[in-house]
Amino acid sequence: MKRQLILEDGTVLIGTGFGGEIEKSGEVVFTTGMTGYQETLSDPSYCGQIVTFTYPLIGNYGINRDDFESIHPSVNGLIVNEICDHPSNFRNEISLNDYLKERNIPGLAGIDTRKLTRKIRQYGTLRGRLCNMDADVEYIVSQLKATVFTDHVKRVSTKDPYPSPGRGHRVVLVDFGMKHGILRELNKRDCDVIVVPYNTTAEEILRLSPDGIMLSNGPGDPKDVPEAIEMLKDIIGKVPLFGICLGHQLFALASGANTSKLKFGHRGLNHPVKNLATGKVAITSQNHGYAVEEESVENTELEITHVALNDGTVEGLRHKKFPAFTVQYHPEASAGPEDANDLFEDFLTMIENFKKEGEELCQNA
């Protein structure tokens with residue numbers, strides 16, 4: 001079955017279709033990960049996107065029950081050079097092709113993914129549509145140019161609060177499109193977690209008496225989530241806070257900094273990040289199309305703690321007065337390296353220190 005990818009600039013790439021027999025549009029992006037395709041498909045941060053894998057062979061270990069980052073995949077399509085139809089792994093339960101058919105997600109194989117990746121790197125992220133061979137190219141191009149992708153966070157966030165009980169610190173986890181890996185890391189440390197929707201107010205969060213607040217990852221432009229920015233303006237300084245990815249960007253906006261769209265984003269498992277305090281470099285997992293503008297941090301109460309070595313963009317922030325820090329990358333590493341996993345320990349240490357300071361103030365009052 002032939003299928004084509006039509007880009008908003010008029011480019012047409014023809015290959016072999018697999019997965020769902022449906023036409024879908026989305027923002028065409030690329031990821032450099034050699035593995036972790038199951039986590040990528042189920043990562044809500046990819047909501048509404050058509051993901052191109054730069055590694056030539058995808059699907060060779062199949063799909064299993066353990067590696068999902070959300071219950072429902074949010075991607076709009078998948079592009080690979082070659083798909084493996086006969087996976088071999090002791091955990092394999094279903095092939096990638098069959099999984100995409102079940103979920104009605106279209107795929108395209110047999111195209112030059114290097115050519116597509118170079119185009120995205122040169123011209124920036126492009127809107128595209130996976131469609132059948134009889135599609136009207138001129139009409140599709142005109143529709144793509146007029147399309148605006150918004151409200152992704154609303155689509156992937158939980159609709160109602162729910163608990164993930166533990167005996168340790170109570171952490172309110174604000175879900176902007178949370179990866180399950182973040183929740184797993186908190187559960188591993190016996191945190192008493194309450195997951196809340198993206199539009200939960202500061203008053204509602206504080207009513208839960210949290211010891212700490214965690215801001216999850218999520219898809220799209222942080223400026224599309226004004227409710228969260230207003231919530232954070234009322235929260236910062238009252239409770240220890242740790243943000244990841246979109247949570248990092250929202251924290252920056254609430255603190256007076258600015259964000260902007262990257263030319264083609266950071267997506268992959270091998271992005272080097274430098275800790276400015278220690279000089280150490282961590283290899284990190286990343287997935288974002290927006291970043292905090294470095295110059296916008298200067299007139300705020302934030303300090304830059306980490307930078308990307310590939311392009312110098314801001315990768316970490318800390319508040320100068322209050323117990324709050326954020327990172328642009330994914331310390332939970334699902335999938336990816338675990339170099340930054342100790343940031344969860346730093347968060348819990350910050351909670352403990354904040355509690356001790358409060359107790360000392362009460363004793364001295």
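Glycine residues also receive a Cβ, built from the backbone N, Cα and C atoms like all the rest.
Cross-referencing Ser42, Ser45, Ser70 with the L-glutamine binding residues that Swiss-Prot gives (Gly218, Gly220, Leu246, Gln249, Asn287, Gly289, Tyr290) picks out Ser45. In this structure the residues listed as binding L-glutamine are Ser45, Gly218, Gly220, Leu246, Gln249, Asn287, Gly289, Tyr290; their two most distant Cα atoms lie 13 Å apart. The record gives Ser45, Gly218, Gly220, Leu246, Gln249, Asn287, Gly289, Tyr290 for L-glutamine. Within 8 Å of the mean position of their Cβ atoms, the other Cβ atoms in that chain belong to Gly177, Asn217, Pro219, Asp221, Pro222, Cys245, His288.
Applying an 8 A CB threshold to same-chain residues 6+ apart, the list for Gly289 (L-glutamine binding site) reads Glu27, Val29, Thr125, Gly220, Lys261, Leu262, Phe264, Gly265.
Cβ packing within 10 Å was compared across the binding-site residues Gly218, Gly220, and the lowest neighbour count falls to Gly220. Proximity to Gly218 (L-glutamine binding site), judged by a C-alpha distance within 10 Å, picks out Cys245 from the active-site residues Cys245, His330, Glu332.
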